[in-house]
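To start, the structure itself, in structure tokens.
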Amino acid sequence: MLAITALAGLDLAQWQALLNNVAFAVCLGAMLFYWGGAAFPQVQLLSELGLAGMIGANLTIAALLTARWIDAGYFPLSNLYESLFFLAWGITALHLLALHWTRSRWVGVTTAPLATGVVAFAALALPADMQEAQPLVPALQSNWLMMHVTVMLLAYAALLVGSLLAIAFLIVTRGQEVQLKGNSLGLQFGPSQPATHPEWTEATLPSPAAELVYAGIRSPRPAEPPPQPAPEGIPLQRLSLAEILDNTSYRLIGLGFPLLTIGIIAGAVWANEAWGTYWSWDPKETWALITWLVFAAYLHARITKGWQGKRPALLASLGFGVVWVCYLGVNFLGKGLHSYGWFF
């Protein structure tokens, strides 16, 4: 009863500080539960607790952003602290989406550390004055703030999670070339084959991009190529996990790329209204273009060249670093029109 009374007496700033710490604790707990579930797969409860932790983290971060929105009077995307928490919220939301697609604990093993790291950086590494809500600078007092920044951060979240799953694919396959079930679009042609692992069929669902590419096509489907033997040293269970990681990575990148495109276009329109030019080759703009080109090359290679497995995973791994440079790295320069809210 005393605890409830104490919580009821907190103001919005105190609620934000509390939710800040709770979000980190819940993310850390979810990560540890997922890792425990991977180490002891017979204990199903561990993975279920990891899922509960990621749901809790998503709701806690949403509550934190809502409290900050009410307290500050604007949507909380004006500085690095706020954008990091929104990015973490996007990562946890996409984790839940990917888990819905795959039903695989290994998605959580991969994505929970990413969410935990982002929240830890925001909650523990940033100075206290950076975590306080500040009045919007004139350039950010626009309705375009929510449109441009939210879409860009959701794009970053999708691309980061998708790229991280591609890195996990390379680890699982030990960097070897493997023959995956189905084609690079995530479709199975010809008669369906019995699954060799409980999670195999979930990994072969068509990606959003594949559904668009093959919509309306009525030509006969080619027969599925004969199965290839597993590379030496890679068990069949690892190959089924690799299939899950490859297809889920592709689907998330296929989701993040159009969001990135929309975000860049919205930013260009906003820039023209604020500064009188659509494009000024600001460092952030330049790296956003580089990010777009990297993932455009990834999707082009998969859709038109039929790439799958190792080669697109390497390209996505490059994209993982490029996204971080675009989001955080260019802020180290302290220059340009996008240098708001850095702590140097």
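Using N, Cα and C of the backbone, Cβ positions are placed for all residues, glycine too.
Going by Swiss-Prot, these are the annotated features:
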- 21-41: transmembrane segment (TRANSMEM)
- 45-65: transmembrane segment (TRANSMEM)
- 80-100: transmembrane segment (TRANSMEM)
- 106-126: transmembrane segment (TRANSMEM)
- 151-171: transmembrane segment (TRANSMEM)
- 252-272: transmembrane segment (TRANSMEM)
- 287-307: transmembrane segment (TRANSMEM)
- 313-333: transmembrane segment (TRANSMEM)
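Counting only same-chain residues 6+ beyond the ends of the transmembrane segment (313-333), those with a CB under 8 A from a CB of the stretch are 80, 87, 156, 159-160, 162-164, 166-167, 169-170, 246, 249, 253, 283-284, 287-288, 290-291, 294-295, 297-298, 301, 339, 342, 344.
A Cβ distance under 8 Å defines the sequence-distant neighbours of the transmembrane segment (21-41), meaning residues of its chain 6+ beyond its ends; these are 47, 49-54, 56-57, 60-61, 64, 85, 88, 92, 105-106, 108-109, 112-113, 115-116, 119-120, 123-124.
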